[in-house]
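Annotated in TrEMBL:
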- HIS209: active site, nucleophile (ACT_SITE)
- TRP107, GLU117, ASP137, LYS139, 200-211: substrate binding site (BINDING)
Amino acid sequence: QVTSPSGEGTDAVVILEKTPFQEEKVLDLLKKHTKLELQMRNDIYSTYHLYPPPELSEIKTTVVYPATEKHLQKYLRQEVHLIRETWEDYKNITLPFIQSQSFSIQWVYNILEKKAEADRIVHENPDPCNGFVLVPDLKWNQNQLDDLYLIALIHRREVKSLRDLTAEHLLLLRNILQEGKEAITKRFGVPGSQLRIYLHYQPSYYHLHVHFTALGYDAPGSSVERAHLLADVIDNLAMDSMYYQKRALTFALRADELLFKKFQEAGRV
């Protein structure tokens, strides 16, 4: 909780993450100005506590302030349940829930309108129907490629999630797949074959976006119960325009989430 000059407290979320080691700095960790404390030695094996100098002790810190109750709940540890959502479930439970909530995505519109993060844009296709903006995700500090993470945000504002996609959106999705890979290869030197390109369902916010992560990076949300590879989505829609209005989708929900409670009330859990 952050205390203002007036003495009033406002909730905040602070996320601390150790950034990946950079190869060129590993040797610096083993030099004499690094403190080592022996913990255990057995034959040829030994373990230590290593205390690197401050300049090699970077911790990525993300701050959400002021934080709403929804933000606080998102980062609390909770039991997780798998939901198997049919199209009827989506129409009767999920969609009314989405429409009843005031999920703020103004930050997305700020990027699309270049009111914020304009200097971070890696690529843009300005077409209002089939275009998008590609920006580094805030989880990536851009100091190394091991945890490369970018997001493609579409210009269209009426497409909320995977459930809204039909064959009408194929050109948009193909643009994201092809242009996104080309832009990342050009800027960061990472070939398309080393990228994991996918959509989340359920997404963390309801404006269609596509994740680009390094293939070797175990990114949050890249597990099978949430990630849908963009190439597979394109193939599915090419076979059947109504594919995502027909099939059941599986996703995980935390026990404290309102949507989980809606599924409970409907007897679907």
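Cβ coordinates are placed from backbone N, Cα and C, and glycine is handled just like the others.
Taking the C-alpha positions, the distance from ASP137 (substrate binding site) to HIS209 (active site, nucleophile) comes to 11 Å.
Around the Cβ of GLN202 (substrate binding site), a 10 Å sphere holds 20 further Cβ atoms from the protein chains shown.
Within its own chain, VAL210 (substrate binding site) has PHE132, ILE151, ALA152, LEU173, ILE176, GLY180, ILE197, TYR198, LEU199, LEU230 as residues 6 or more apart in sequence whose C-beta sits under 8 angstroms from its own. Most other Cβ atoms within 10 A: among the recorded positions HIS200, HIS209, that distinction falls to HIS209. Annotation for TRP107 (substrate binding site): spatial neighbours ALA116, criterion Cβ-Cβ under 8 Å with sequence separation of six or more. Around the Cβ of LEU208 (substrate binding site), a 10 Å sphere holds 24 further Cβ atoms from the protein chains shown. Just so you know, the Cβ of TYR206 (substrate binding site) picks up 17 other Cβ atoms within 10 Å once every protein chain is counted. The two recorded residues, HIS200 (substrate binding site) and HIS209 (active site, nucleophile), show a Cα separation of 8 Å. Note: SER204 (substrate binding site) has non-local neighbours GLY221, i.e. same-chain residues 6+ apart with C-beta under 8 A of its own C-beta. Other C-beta atoms found within 10 angstroms of the C-beta of ASP137 (substrate binding site) number 16, with every protein chain shown included.
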